[in-house]
Amino acid sequence: MSMSQDEMKQAVARAAIEHVPAGIIGVGTGSTANYFIDELAHIKGRIDGAVASSVATAERLKKHGIRVIDLNEAGEMEVYVDGADEITRHMAMIKGGGGALTREKIVAACAKKFVCIVDQTKLVDVLGKFPLPIEVIPMARSYVARQLVKLGGNPVLRAGFTTDNGNVILDVHGLNILDPVALETELNQIVGVVTNGLFARRGADVCLMGTPEGVQTLTR
Ligand SMILES: O=C[C@H](O)[C@H](O)[C@H](O)COP(=O)(O)O
């Protein structure tokens, strides 16, 4: 049976519902996370509410009548569910294709378990074919771009885009990321960088991957 990418995203979103505990859940951003929010609406009576990783996610949650809770009120959560742009079998990810990486990293940090939901096109051996998004304070844009060139990347400003935090995104092309933990750490040292899209120091704990044969579960 042939299955579209959207159908695979829907299938993993549905499968992720099994990982939703009672209480407050952290919710990611993007097309796969949107399918998850739609599934969450069916079981909203079982949860106390959700912490949103973006304005767009908060709006979708509210539209479904799901209570949106401020992260500072939520405390530590059991689970965070989100998509990814690329993921390895070691559970390191590139995120931020939708520009929501900073709030995603913050909400993920407050959850005990990161459940990543992807279709099989996102699974890679080496991260970096998908340009690595980096959120940057606007005045530091040129400085940060020069530092990224020194690291072997080709940064491109995401034209006409401003993050929920009022910053810009540099999408870094041409990186072959053999040591994601080391690169994530190094990028964090560049002044003007708010957040980089490598989620490796705190990667996913579980990956639900949609395939035409069904949903596969990958763990570390
Ligand atoms: O900023 C966006 C997020 O990191 C998304 O999780 C990521 O871009 C994947 O999005 P999608 O599920 O639409 O492929």
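We number each residue from 1, going along the chain as drawn.
A Cβ is built for glycine as well, from the same backbone N, Cα and C atoms used for every other residue.
According to its DSSP assignment, GLU104 (active site, proton acceptor) is helical. Summarising the annotation, TrEMBL assigns active site, proton acceptor to GLU104.
Marked as substrate binding site by TrEMBL: THR29, GLY30, SER31, THR32, ASP82, GLY83, ALA84, ASP85, LYS95, GLY96, GLY97, GLY98, LYS122. Mapped onto three states, the DSSP output places GLY97 (substrate binding site) in coil.
Cα of ASP82 (substrate binding site) to Cα of GLU104 (active site, proton acceptor): a distance of 8 Å. Annotation for THR29 (substrate binding site): spatial neighbours SER53, SER54, ALA56, THR57, ASP82, GLY83, GLY98, ALA100, ARG103, GLU104, criterion Cβ-Cβ under 8 Å with sequence separation of six or more.
Taking the Cβ of GLY97 (substrate binding site) as centre and 10 Å as the limit, one finds 20 other Cβ atoms among all the protein chains shown. Take the CB of ALA84 (substrate binding site) and look out to 10 A: across all protein chains shown you find 30 other CB atoms.
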